[in-house]
Amino acid sequence: MVVSLRKLAVNQQGCIKAVTASGEMGRRIRDMGLMPGTPIMVVGHAPLADPVALRMRGFTLSLRNSEADCITVEAL
Amino acid sequence: MPTIKVAVSGQPNCGKSTMFNAITGGSARVGNYPGITVDRLEGVYQQNGDKIHLVDLPGTYSLTSYSMEELVARNVIVDEHPDVVINMIDATALERSLYLAVQFMEIGAPMVLGLNMMDEVKRSGVTIDVKKLSTLLGVPVVPCVARVGQGREELMQAVAAAYKVSNGQWKPIKLSYGPELDPVIERMTAMIAEAGFLADRHDPRWVAIKYLENDEQVIEKGRAAGPLSAKLEALCKETEVHTRQHMGATPDAIIADWRYGFINGLLKQGVVSGGDELRRTSSDSIDRVVTHKVLGPVIMLLVLWLMFQITFTLGEYPKGWLEAGFEWLAGIGTAYLPEGDLQSLIVSGIIGGVGSVMSFTPLILIMFAMLVFLEDLGYMARVAYMMDKVMRIFGLHGMSVMPLIMSGGIPGGCAVPGVMSARTLRSPRERLATILTAPFMVCGAKTTAYLMLVAAFFPGNPTRAMFLVVLAAWGFVLLVSRLLRSTVVRGESTPFVMEIPPYRLPTLRGVAHHTLERVWQYVKKAGTVILAVSILMWAVMTFPKLSEETVAAFDARRDAAVERVKAANPSASEEVLAALTDDAAKTIEDEQNEEALKNSIGGRVSLFLSPATELAGFPWQANVALLGAFAAKEVFVSTMATAYSMGEVDPEESESLSEKLAADPAWTLPAILSVFAFMLLYTPCMVTVVAIAKETNWKWAAFSVLGSMTFAFAVSVAIYQIGKLFLV
């Protein structure tokens, strides 16, 4: 099932399908290694439900929901 | 003896600074990169007759031109042409760390990889085949554990070896960027090489890749260099249209994709085995509690509150000792120096001024030690993560929390490093709003002023009063940022893509090192700037002196009063009489001291400003102190001390400044609150203004000076005028 990264629940795993962000946001996201084909897992949300924390490539990354919207994942 | 020039690079949080300190020991000295004020650390290491000169590059994830640090890191390599580049790698996030290393290799400098945090890697059950990694990448790789200094010598040996092998030759590596881009890159490289375009600084292939990545800095340089730039840009546009159509991606995305692909392919050849990249670490488990919906914020407030309690209860003892020490010094000065200007200069000006500032050193030491501990522990990243949503409401960024805390969001910081640390913010707008409001925070210098004022006026519960001051500072910062972000610095917010580092227990040495460095800076400031300003302020409040006639008139009045007392009590004993005459003389002496201060330059300026500051209810001594505090906020306390101790003769009778203030009826509650607010909001100190100018430009620095002044005055007037209606 292909969904937006925002839709992923805590502890749910997924594999990135596409990153639609361009320009600076796209660059920042890619620099951290969020590429198509990267496996990820949501590990938590901040107290106000935003940002979200991901586990990927051996480290933990946080993103805002608005940025997560630019990333589509294949939910596992 | 040859000197090997080495640049130390790495991603944020990779242990680069720790390794740098381990290598250079105490020899590192701090400077600035030209043009911007990112701290530039330099140090020397000697080994087997080789002198190795190291420069610490700012930590970056990539080498694009989106942020100043990235540009600096890149430009140091290109312009200063180091002989070897050390790239420190966080081995627990090997893939992402190599992304930066590969970009350095594309520039071509000889490289040595320092594979840091190997202990953590081992603990997580992963094995890294260091030899294989080295062979596949074609660069020496040294496993390290920087926090215990492990791998330091081996790293330096590898550097010396790499220097000898390279023989000054740079060999940029060539990555493939896929069938869509490779032909274009070849064509562009040929065009660039043929024209010798930007050849003085860059490798042709690197320039071609940067054009495809749409790198603003390189393209701007290219435009200035010649007409070939227009051709290259047209070619890039064409390519972009093509890749968008065929692959649904821009060239820069494809380049990043292939770079990661190269690294991934390399690691899959048996370099890394075991472990699970998505496994929850113990840090993730801790964060289920520490960043929990309810517990997270509760813990955060608790941590802040604890830091307060510890600082103020524990720090009180050494602070008392220091104060007693300076009082003792002042006593000696009064006893042994002949009465006159010299005594007054040394006792009131120097000992009083510098002493009152120095006695806060223990508080600042304790505060910094805890702040550094939390930073090194990784807790500050969690605070940014939890606070982002809130900060965004006010037009700031989760990453603004750090500069704000550094500036004094927890009292004891300093706006200078605070303003400078705002560099980590990618968005120029959020960064500007952070820089302009950070000086409102309760920095170490203002803390000294508030501690003194709080002790004077709210002796019952100083901790609560300080806490309210800090809350007020945060409130003003947030409101003013919102105001700025919807007026002068309007615009979209920027991405929040932040690594949450694992918790790492800070080493005693690391914490001590950073803490002492910051405390030393404070002490140095007290010894230099504040000493100079103390002397200046003393002179301003001493000269010109009262005319001889006025002094004679006061003397005559005092004598007359003494005579009157004697005449009125003919039958009193000697002792009682002495006490009575002293009292009579004291009233007139106080009057004379006040007259003298008012007659001095400082007094005259204060009185000149009085019609304006009266609207805000400032006692006139506060005028001159606030004026002097522009040089450094600590001067507020020292000037007040000088103003209230002028002409004091008997050191036995000296009461603390707070007691003197509490006894002065000019300080009504509305006036106190008004001065409290003004202190918080008015013009940042000289040093901060210079830092703001360096980080932005003089226009924004001037805006900060005038804007804060106007805003502070308006708020103080409002508080005083409204307060007068309700509180008196």
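Placed from the backbone N, Cα and C atoms, the Cβ positions cover glycine too.
Now, the feature entries from TrEMBL:
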DOMAIN    B:3-165  domain 'FeoB-type G'
BINDING   B:Gly10, B:Gln11, B:Pro12, B:Asn13, B:Cys14, B:Gly15, B:Lys16, B:Ser17  GTP 1 binding site
BINDING   B:Asn21, B:Thr24, B:Gly25  Mg(2+) 2 binding site
BINDING   B:Ala22  Mg(2+) 1 binding site
BINDING   B:Gly35, B:Ile36, B:Thr37, B:Val38, B:Asp39  GTP 2 binding site
BINDING   B:Asp56, B:Leu57, B:Pro58, B:Gly59  GTP 3 binding site
BINDING   B:Asn116, B:Met117, B:Met118, B:Asp119  GTP 4 binding site
TRANSMEM  B:294-314  transmembrane segment
TRANSMEM  B:345-374  transmembrane segment
TRANSMEM  B:394-420  transmembrane segment
TRANSMEM  B:464-484  transmembrane segment
TRANSMEM  B:526-544  transmembrane segment
TRANSMEM  B:667-693  transmembrane segment
TRANSMEM  B:700-722  transmembrane segment
Integer average pLDDT (0 to 100) for the domain 'FeoB-type G' (B:3-165): 87
Residue numbers, six or more beyond the limits of the transmembrane segment (B:464-484), whose CB comes under 8 Å of its CB atoms: 305, 308, 312, 393-396, 400, 404, 408-411, 432-434, 436-438, 440-442, 450-451, 454, 458, 676-677, 680-681, 711
Of B:Gly25, B:Gly59, B:Met117, B:Asp119, i.e. the binding-site residues, those within 10 Å of B:Asn13 (GTP 1 binding site) when Cα atoms are compared: B:Gly59
B:Asn21 (Mg(2+) 2 binding site) - helix vs strand vs coil (DSSP): helix
Between B:Gln11 (GTP 1 binding site) and B:Leu57 (GTP 3 binding site), the C-alpha gap once rounded to whole angstrom: 10
Contact yes or no, the transmembrane segment (B:294-314) and the transmembrane segment (B:700-722), 3+ Cβ pairs under 8 Å, gap 6+: no
CB within-chain contacts under 8 A for B:Lys16 (GTP 1 binding site), separation at least 6: B:Val8, B:Ser9, B:Gly10, B:Asp56, B:Gly59, B:Met88
Binding-site residues (B:Gly15, B:Gly25), the one with most neighbouring Cβ atoms at 10 Å: B:Gly15
For the GTP 1 site built from B:Gly10, B:Gln11, B:Pro12, B:Asn13, B:Cys14, B:Gly15, B:Lys16, B:Ser17, further residues of that chain with CB within 8 A of the site's CB center: B:Gly59, B:Met88, B:Asp90, B:Asn116
Candidates B:Asn21, B:Gly25, B:Leu57, B:Met117 (binding-site residues) - the one closest to B:Cys14 (GTP 1 binding site) by CA: B:Met117
B:Pro12 (GTP 1 binding site) to B:Gly25 (Mg(2+) 2 binding site) - Cα separation in whole Å: 21
Shell of the GTP 4 site beyond B:Asn116, B:Met117, B:Met118, B:Asp119, same chain only (C-beta within 8 angstroms of their C-beta centre): B:Gly15, B:Ala91, B:Thr92, B:Leu115, B:Glu120, B:Val121, B:Pro143, B:Cys144, B:Val145, B:Ala146
Highest-contact recorded stretch vs the transmembrane segment (B:345-374), from B:394-420, B:667-693, B:700-722, CB pairs under 8 Å: B:394-420
Chain residues outside the transmembrane segment (B:667-693) and at least six past its termini with a C-beta under 8 angstroms from it: 37, 415-416, 419-420, 435-436, 439-440, 442, 445-446, 449-450, 453, 456-457, 469, 472-473, 476, 529, 616-619, 622, 626, 629-633, 636, 661, 700-701, 704-705, 708-709, 711-713, 715-717, 719-720, 723-724, 727-728
Rounded Cα-Cα span from B:Gly15 (GTP 1 binding site) to B:Asp119 (GTP 4 binding site), Å: 13
Site with most surrounding Cβ atoms, counting all protein chains shown within 10 Å, from the binding-site residues B:Pro12, B:Pro58: B:Pro58
